[in-house]
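I have placed the structure first, in the form of structure tokens, so that the comments after it can refer back to it.
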């Protein structure tokens, strides 16, 4: 059985004036989040702003979290990305989903009411347990890090 997450609608325009978040295709991982604004917001180059989504969430299950990610078209075409690059929503958070938007482009960008501004993906969570050790069991890779396997 598929797990369902309770997402509360805080703004009555969501589902009326602004469409409910949906998965675009059966293979979509992310839900589009929309700007729940009264009026358009002009974002100057280099500026950031917090934009409400009109949605609140309480995941409640500590084995799950959600991440907010930029929409690829906004970033590539207009330089519009998330101000914090990725937004993490912990399972015990209960507030409205706000999106930090950063205009890293060269031109002003206008965020229109109801515009799709980010996407949200639910992900499993594994918490680390720390154990003090003196050494690891050796592997073929060892301490090989950045670029250790070459480019081809």
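Backbone N, Cα and C define each Cβ position, glycine as well.
As annotated by Swiss-Prot, substrate binding site applies to 71, 72, 73, 84, 88, 89, 90, 98, with the evidence given as sequence analysis. Cβ neighbour count for residue 71 (substrate binding site) (all protein chains, 10 Å cutoff from its Cβ): 20.
According to its DSSP assignment, residue 98 (substrate binding site) is in a strand. For the binding-site residues given as 88, 89, 98, the lowest number of other CB atoms within 10 Å of the residue's CB is seen at 88. The Cβ of residue 90 (substrate binding site) lies under 8 Å from the Cβ of 59, 65, each on the same chain and at least six residues away in sequence. Mapped onto three states, the DSSP output places residue 71 (substrate binding site) in coil.
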